[in-house]
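Asker: What TrEMBL shows for this protein is this:
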type	residues	note
TRANSMEM	26-49	transmembrane segment
DOMAIN	42-291	domain 'G-protein coupled receptors family 1 profile'
TRANSMEM	61-79	transmembrane segment
TRANSMEM	99-121	transmembrane segment
TRANSMEM	141-163	transmembrane segment
TRANSMEM	198-226	transmembrane segment
TRANSMEM	238-262	transmembrane segment
TRANSMEM	274-293	transmembrane segment
Amino acid sequence: MALVKNQTCISHFILLGLFNHTPLHLLLFSTIMVMFLVALFGNGLMIFLINTDSRLHSPMYFFLSWLSLMDLMLISTIVPRMAIDYLLGHGSISFTGCGLQILFFLTLLGDECFLLAFMAYDRYVAISNPLRYSVIMSCRVCWLMVAGSWLFGLVDGLFQAIYTLSFPYCGSQEIDHFFCDIPAVLKLACADTSIYEALIYVCCILMLLLPFSVIAVSYLLIFVTVLRMHSAEGRQKAFATCSSHMAVVSLFYGAAMITYMRPQTYHSSKQDKVVSAFYTMITPMLNPLIYSLRNKEVAGALKKLLGRCPCGGGQE
């Protein structure tokens with residue numbers, strides 16, 4: 001350990017960022033900031049509606065409110081720092097600050113992985129076993145699922161943040177990324193990281209493939225149940241309920257798997273930046289839009305809220 005401390009000569013890193021100071025990149029930066037504001041407003045509105053409208057007090061919306069909170073925290077972990085770095089013209093981040101960003105980012109990423117799996121299981125129980133739904137998905141069970149998501153995410157985040165920063169960093173300080181992403185940070189390590197890369201694959205299997213397997217099995221069983229339904233209206237309602245969640249899962253897991261399940265030799269900085277921007281900025285913005293536009297109950301709660309607002313022109 002003493003050797004590592006002696007070799008870690010740098011006190012901070014330099015984040016090269018996502019954009020240059022050109023007219024085109026200024027336009028892209030402005031677009032990102034608009035997406036950030038939309039994500040903040042959309043996820044904040046979802047949390048508010050779910051907690052204030054009694055029609056949305058069910059396990060499905062309970063999980064959705066936590067997903068919105070995680071999305072809000074995830075985009076807030078990345079975008080404000082990136083924006084400040086761009087406006088100031090430099091992206092200096094301390095060694096400790098980099099570790100904290102890795103911790104928060106991976107914790108939230110892991111949280112969402114497991115929460116999406118629990119949401120898929122919730123839909124399976126609701127469609128395949130509706131008579132026992134309230135018993136199986138009790139309030140206690142829902143809270144345990146959310147707590148489990150946070151616990152698994154925190155353990156993964158702590159492990160990877162501590163292990164990543166335990167390597168000696170004695171060369172370049174420049175991280176070719178807009179935040180402290182592990183593949184980009186490891187490129188600066190002055191040591192063999194092959195064993196750690198193998199451990200990352202194990203973590204990816206646990207944090208990505210296992211929850212994704214639960215999701216896949218849940219929706220396979222849902223599909224079988226829906227095909228057995230005699231009511232066309234029942235089939236349509238079941239598909240409508242699940243389609244939003246399937247869209248969110250596809251966006252989130254697709255981008256995360258591309259980033260964290262490729263060997264280090266196949267990583268390129270440009271590709272990593274684009275994919276990372278997708279699930280740290282675009283997905284948190286799209287999630288509330290997907291759920292609100294494709295969900296009649298959420299849309300109804302929003303209309304009710306606008307009807308109460310004097311500026312909405314509605315009457316009580």
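Every residue, even glycine, has its Cβ placed from backbone N, Cα and C.
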Asker: Counting Cβ pairs closer than 8 Å, which of 26-49, 61-79, 141-163, 198-226, 238-262 has the most of them with the transmembrane segment (99-121)?
Answerer: 141-163
Asker: Given a Cβ distance threshold of under 8 angstroms, which distant residues of the chain, six or more beyond its ends, lie next to the transmembrane segment (198-226)?
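Answerer: Cβ under 8 Å, 6 or more out: 109-110, 113-114, 116-117, 120-121, 123-124, 127-128, 152-153, 156, 159-160, 163, 182, 234-235, 238-239, 242, 246, 249, 253, 256-257, 260-261.
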Asker: Do the transmembrane segment (274-293) and the transmembrane segment (61-79) share at least 3 Cβ pairs closer than 8 Å, excluding pairs fewer than 6 residues apart in sequence?
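Answerer: Yes, since the transmembrane segment (274-293) and the transmembrane segment (61-79) share at least 3 Cβ pairs closer than 8 Å, they count as touching.
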Asker: Please indicate, using numbers and ranges, the residues of the same chain that are 6 or more beyond the transmembrane segment (61-79) and have a C-beta under 8 Å from a C-beta there.
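Answerer: 32-33, 36, 39-40, 42-44, 46-47, 50-51, 101, 104-105, 108-109, 111-112, 115-116, 118-119, 122, 142, 145-146, 149, 178-179, 248, 280-281, 283-285, 287-288, 291, 297-298.
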Asker: Is the transmembrane segment (238-262) packed against any residues at least 6 beyond its ends, judged by a Cβ distance under 8 Å, and which are they?
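Answerer: The answer is 60, 67, 109, 112-113, 116, 119-120, 123, 126-127, 181, 183, 200-201, 204, 208, 212, 215, 219, 222, 225-226, 229, 272, 275-276, 278-279, 282-283, 286-287, 290-291, 294-295.
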